[in-house]
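Going by TrEMBL, these are the annotated features:
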- 22-107: domain 'Ig-like' (DOMAIN)
- 108-185: domain 'Ig-like' (DOMAIN)
- 202-281: domain 'Ig-like' (DOMAIN)
- 290-374: domain 'Ig-like' (DOMAIN)
- 380-467: domain 'Ig-like' (DOMAIN)
- 472-566: domain 'Ig-like' (DOMAIN)
- 573-671: domain 'Fibronectin type-III' (DOMAIN)
- 674-769: domain 'Fibronectin type-III' (DOMAIN)
- 774-869: domain 'Fibronectin type-III' (DOMAIN)
- 657-681: region 'Disordered' (REGION)
- 853-878: region 'Disordered' (REGION)
Amino acid sequence: PAAWSSALGSPATFGPVFEDQPLSVLFPEESTEEQVLLACRARASPPATYRWKMNGTEMKLEPGSRHQLVGGNLVIMNPTKAQDAGVYQCLASNPVGTVVSREAVLRFGCETQATSMLGPHPAWPCLSYRWLLNEFPNFIPTDGRHFVSQTTGNLYIARTNASDLGNYSCLATSHMDFSTKSVFSKFAQLNLAAEDTRLFAPSIKARFPAETYALVGQQVTLECFAFGNPVPRIKWRKVDGSLSPQWATAEPTLQIPSVSFEDEGTYECEAENTKGRDTVQGRIIVQAQPEWLKVISDTEADIGSNLRWGCAAAGKPRPTVRWLRNGEPLASQNRVEVLAGDLRFSKLSLEDSGMYQCVAENKHGTIYASAELAVQALAPDFRLNPVRRLIPAARGGEIVIPCQPRAAPKAVVLWSKGTEILVNSSRVTVTPDGTLVIRNISRSDEGKYTCFAENFMGKANSTGILSVRDATKITLAPSSADINVGDNLTLQCHASHDPTMDLTFTWTLDDFPIDFDKPGGHYRRTSVKETIGDLTILNAQLRHGGKYACMAQTVVDSASKEATVLVRGPPGPPGGVVVRDIGDTTIQLSWSRGFDNHSPIAKYILQARTPPAGKWKQVRTNPANIEGNAETAQVLGLTPWMDYEFRVIASNILGTGEPSGPSSKIRTKEAGKSPGCPKELSSGQRPCQLQLCWIPTLLTDGFGYLLSFRRQGSTHWQTARVPGADAQYFVYSNESVRPYMPFEVKIRSYNRRGDGPESLTALVYSAEEEPKVAPTKVWAKAVSSSEMNVTWEPVQQDMNGILLGYEIRYWRAGDKEAAADRVRTAGLDTSARVSGLHPNTKYHVTVRAYNRAGTGPASPSANATTMKPPPRRPPGNISWTFSSSSLSIKWDPVVPLRNESAVTGYKMLYQNDLHLTPTLHLTGKNWIEIPVPEDIGHALVQIRTTGPGGDGIPAEVHIVRNGEMALWDPMWTPPLESSPRPGGNTRQNRAHLIILQSKEKGKPWTQGLSYLLLLSSSKDPDAVPNDALGAPACPGG
């Protein structure tokens, strides 16, 4: 309901809205409880009064009787099955109208509803069974040979043997709303007449029904157990479809925790042993309670107008729809037409006001949707929205004067200037909604203008005075300019205006306002004179180029002029760097041109480095000088069997630009084959090899290197002589070299005069290999509509290398694993949260360990199904009241659709003007009361739903203690500029802010407040980690 409507913020009258409704109760007949409480509470203004019906008949709630009304709650003292079992409904009324609650059933004992086709009520499993042998607590185990039916309570033994002899007792446990109770049967003795070792075929004894009915979301259990020797094996299948892997089982029970329409069909149980087989079939029939697809909402309508309301519900069987007015059935009559889910009024009258309910029902349940219809009949009233007293306008311009009195039905509007009634002309127009528009204004248009409004309820008028002022004009406009990066530039902008009014200047760049107060900004205002609004750009950068607009404005009009600034600078970074034609000392490098930033590219230089820590150095190329129009060149003088990355830098007459991103890492080819290794890999160091690298010293003739190395812990040093001053690596191959084996290494240089000094001993390792062991006990669970948690048991560190972390791969059911997305942990965590998932979707998940050489084998896959998404509708009809020390906020509950997750509560983010840090409040109801200081004037509140699917869209309310209000409307979605994405998708950002202005003259509520508008964006879906990182070949030193 519109709980606050007047200008002063006083509460309005509104009809009852249920906040708490009765729930069905199962009451144990032997309970020590002395009463049953059925809850009912509604908010209304004036407050609601309450009545109750039992089995459709209104109850007489008299003082001193067993039935007492406490608030709106019904309390039944000393309940008995004979007098009190039945269907109850609460009726809440006030002068606006009456609404009826949902039905609540009061039952006694553990009733299994044997007459219902659905069997025991899903909320009341009532009885569970266990059997014990000889003494407590020696319970019969659930294994392939024994089975306890939870339908009949019977104990089945597929094949008896001597261990089954003894005394048996059945333990039955009842589960009810108020208590849990267990009882034992008398012991019965089982004797074995004679040992029978003959083999015989299965015979199914515990059979599920030919038809099992269930409601969507209920748990369904089918039982199947057979006698036989050997003990039969049980197999389940779906005859008319595939059985979901998560339900596949070899147990005597097939259990579907939350049945859906997709689970409907015929199921078969097969019992088989070496002597034969037996089968039984039965059909699961899935139906559904009514669920709203479309509901009615509170409506204000003018007297004499027409109105159409509609509601729609889904369910199986299809629900029927009926209507109630003030709690009584509504049928077609005179001006009212009832057509199933449609309710139509023609020529509304005051007696049509009241509370209406749309009721959808099938044999599984009934749901109610309520709304208030307020038919208004009001004489025209300008108190809330008078014509402005003083209306300034610019000569030669246009003025729009609204006339918006409150009236029902809509008022007929006339305008006058002085005593002259205005009629439409080339300069003067009165629009259909009563707005007066005057164009090409001159001094002769000054005077008093009066709006007259009239309907059959009465008449009213409101007057304003039009004052004509001189028009604002740009006298010196900014000029377009062409500058270089780092230059300063002043754009001139002078204006003339009416001297009785203030003049302000604003500047925009490409239609975005320029912020002159930004710290460290490049923009300055260069004059303090009112008629001069020059803009200076200091140390111009490339981003400062574009279309500048200067606007001079007063409260009545504005004028603007534009200029274009072109900023020239060094080139942007080249893109698309690709390496091909890889040789032992050369490669071919290609790239794509970057932005020339309005100055032609003169040349390119190429650089290379040896990852991961090497410095970028310019390389020799063919051609030696690369012209600005080139997009490929050959790199010369590389070292064989070395890892490299490359980048490209462009330059022009204004300087050198930013470098491109590095290319993919490549390895040059070997100068010759290395003997001795039986297996050859394509990336990383090879197994059975130790590769040693170093940075060469100054180049001279006859220069070379002497290497000494040994396995750590060994006493024997091996040596190798590497001639050539420019040598940078040596490869030792031996089958005894295992992955990640530590070696001690020393190096010295030599020339014709002898050997140089020996280096310090360095510890290096042979190449790693991928992990050999997969993680175990992988478990995945959805935590919302877009996230799931994954946990696993860690793998032990092996000798193949240093374990860096784990890689989680996840893909949708039906997709191939090759299309999996991947997430890596940064360390040895054994859990991770995966986000960005699709709602209501089943995912397969595997986990692999990884090191620098790559990823290991995959774990067994786990499955998780994400939740349905949260409701897309925010809470509506938000109202609030202040007390001296608290703030109470209420809203209409959000009803999720079938394809949305349930609402389990609401989150409220609260921020006031004294504390900038917001606080989060949680509530399970559609109202909340929080303490606030008396001196709070403004507060910003966000309310959103929360549930298993995550948080919903927020409704944002700006609260002012005097009733002024600003609402965030997330449902208004005008398309903003869209950008196409690969694959044809389009990303759209949408937002809207509705502002209701303060009625206190001169004090807009926006004063002193700032708002942050968030536009959504999505992550790059193509960012997939590399599967085989590979070990780096050698550091540079």
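Every residue, even glycine, has its Cβ placed from backbone N, Cα and C.
Contact between the domain 'Ig-like' (22-107) and the domain 'Ig-like' (290-374) is supported by 3 or more Cβ pairs under 8 Å, counting only residues 6 or more apart in sequence. Outside the region 'Disordered' (853-878), and at least 6 residues removed from its termini, the chain residues within Cβ reach (under 8 Å) are 1-3, 245-246, 297-298, 684, 739, 767-776, 778-782, 784-788, 790, 792, 795, 800-801, 807, 809, 813, 837-847, 889-897, 899-901, 903, 906, 926, 941, 943-955, 957, 967, 970-971, 1027-1031. Mean pLDDT of the predicted structure over the domain 'Ig-like' (108-185): 75. Sorting the domain 'Ig-like' (290-374) by DSSP state (H, G, I as helix; E, B as strand; all else coil) yields 3 helix, 54 strand, 28 coil. Across the region 'Disordered' (853-878), DSSP classifies residues as 0 helix, 9 strand, 17 coil. Assigned with DSSP, the residues of the domain 'Ig-like' (22-107) fall into helix, strand and coil as follows: 4 helix, 46 strand, 36 coil.
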